[in-house]
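One structure is given below, encoded as structure tokens.
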Amino acid sequence: MASASTSKYNSHSLENESIKRTSRDGVNRDLTEAVPLLPGETLITDKEVIYICPFNGPIKGRVYITNYRLYLRSLETDSSLILDVPLGVISRIEKMGGATSRGENSYGLDITCKDMRNLRFALKQEGHSRRDMFEILTRYAFPLAHSLPLFAFLNEEKFNVDGWTVYNPVEEYRRQGLPNHHWRITFINKCYELCDTYPALLVVPYRASDDDLRRVATFRSRNRIPVLSWIHPENRTVIVRCSQPLVGMSGKRNKDDEKYLDVIRETNKQISKLTIYDARPSVNAVANKATGGGYESDDAYHNAELFFLDIHNIHVMRESLKKVKDIVYPNVEESHWLSSLESTHWLEHIKLVLTGAIQVADKVSSGKSSVLVHCSDGWDRTAQLTSLAMLMLDSFYRSIEGFEILVQKEWISFGHKFASRIGHGDKNHTDADRSPIFLQFIDCVWQMSKQFPTAFEFNEQFLIIILDHLYSCRFGTFLFNCESARERQKVTERTVSLWSLINSNKEKFKNPFYTKEINRVLYPVASMRHLELWVNYYIRWNPRIKQQQPNPVEQRYMELLALRDEYIKRLEELQLANSAKLSDPPTSPSSPSQMMPHVQTHF
């Protein structure tokens, strides 16, 4: 397998394939310049359309549909418009108008996207001209509904680095100083028999046997037992994650689970209580008892204290983002902007997630208590809280590769349901499982980067490209719901990692203001006054919202860094030349200052 992966990652990232195609008029047209193609990408069809641009009105163009993207190029001399939309971004395709529709541009297709935009194309009414386009788009935007592979399995891009090697769980736990006398690595889940949504490798208390873990699993939703995510390098308090206990309406207890939480607390002799943060509103946690779930009561867990963090569920978050889209696309709601934004509650949800993560980080950083985090199943709000708290506590995760490891570990390997939440290749746009949980996490990271502009090695573009490829299906990184499903589909062998793309061109994603600090804990201000809508992501499709790319301050800073490097190089050359002179027989200089050549700078 090693040799196979070596051969796959040895070249450049993007190739244009030259395609010649005979049009209906019999003329050979070279489409190389018309549409850029990735290795493995093939052109399916092209058609002349009218793109109903929400900002500039109707634009005549030619749309090219491949097995990966929809690509529109304007045919008008006064417009250089190009649309490049990965088909994975498409959420819904609807027919607009009918054969008898009257009115200009009233017949065509309406396309709803997952990345905060919609597309509308008008076609000629005669001869069912839109039928082919509708059927081809539906087939390739929703391949799973047509027994076709996702494009990631067809992608033949080659990079000079293999992103699949970024995360090695043993190495990451070793970096944290694990295993040690209190925590051990267990392979009880190596065949995913204990918990099919957990990774194969888990870190658990040294004093808990594998049989203990099996008994605890019966009392935790989806068998997602409490396991270690992160350990503090100095005070040795820990962040542990899991799912809700199966208490039910009758208030069931499980002695093994109670004992196990006590064992976790006792891994650090300095603390008397284990702090449990339940991400849900208390009302929801109580309601979950009716479906067999619940929370840790004081009666059963004497050495633990429980706090609810009031973060709402996936359905609330989905509706909130819909409202954001309503006020930013296609037109920004200018007249009542602040009240409209407030009515979406999006920033309020961001605030609650950040506030919860701050509480987790503060409890662990102070050494007052180890922390256990859960929501209902432990794969949505739990992942948000643990990963954000770890980002605040551990500066390693603020580097580019560190952040990639954080996402691989806390989100991908621990079973955030990416396939269900995003709906990769699935046509069921009304699926109640869809929710922007990972987007919300990335938004929280962006809010932190705004408040601490020198603390992160990566820039805004890094976060945006992660979100773009969350939907695109170009890479295997975010496909499927859990590690066991990825193993079955051989994702690391058959697809390319997003980290290959990013790590082969790291300079593009670097923050020029980054200052590496080892032990600094970040506590962002999670007040509504300090949070803002991420305009460069949510409103980026609107040409009237002027984006300054690249940021002029960043640009000037990069220029100054280049100038500094140039002067350092010149100084080194002069020092070398001078040392060569000094090694010659002395010619008795009149003063020591004459021995050093004068370096002139602009400063």
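The first residue you see is number 1, and the count goes up from there.
In case you wondered, yes, glycine gets a Cβ from its N, Cα and C as well.
These features come from TrEMBL:
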- Cys375: active site, phosphocysteine intermediate (ACT_SITE)
- Asn313, Ile314, Cys375, Ser376, Asp377, Gly378, Trp379, Asp380, Arg381: substrate binding site (BINDING)
- 1-13: compositional bias 'Polar residues' (COMPBIAS)
- 14-25: compositional bias 'Basic and acidic residues' (COMPBIAS)
- 163-538: domain 'Myotubularin phosphatase' (DOMAIN)
- 344-406: domain 'Tyrosine specific protein phosphatases' (DOMAIN)
- 1-25: region 'Disordered' (REGION)
- 579-603: region 'Disordered' (REGION)
For Cys375 (active site, phosphocysteine intermediate): intrachain residues, at least 6 apart, with Cβ closer than 8 Å: Ser243, Gln244, Asp278, Ala279, Arg280, Ile311, Arg381, Thr382
Asn313, Ile314, Cys375, Ser376, Asp377, Gly378, Trp379, Asp380, Arg381 excluded, remaining Cβ within 8 Å of their centroid (substrate): Ala279, Thr382
Distance in Å spanning the most remote Cα pair of Asn313, Ile314, Cys375, Ser376, Asp377, Gly378, Trp379, Asp380, Arg381, given for substrate: 12
Arithmetic mean of per-residue pLDDT over the domain 'Tyrosine specific protein phosphatases' (344-406): 98
Residue, out of the binding-site residues Asn313, Asp377, Trp379, Arg381, whose Cβ gathers the largest set of other Cβ atoms within 10 Å: Arg381
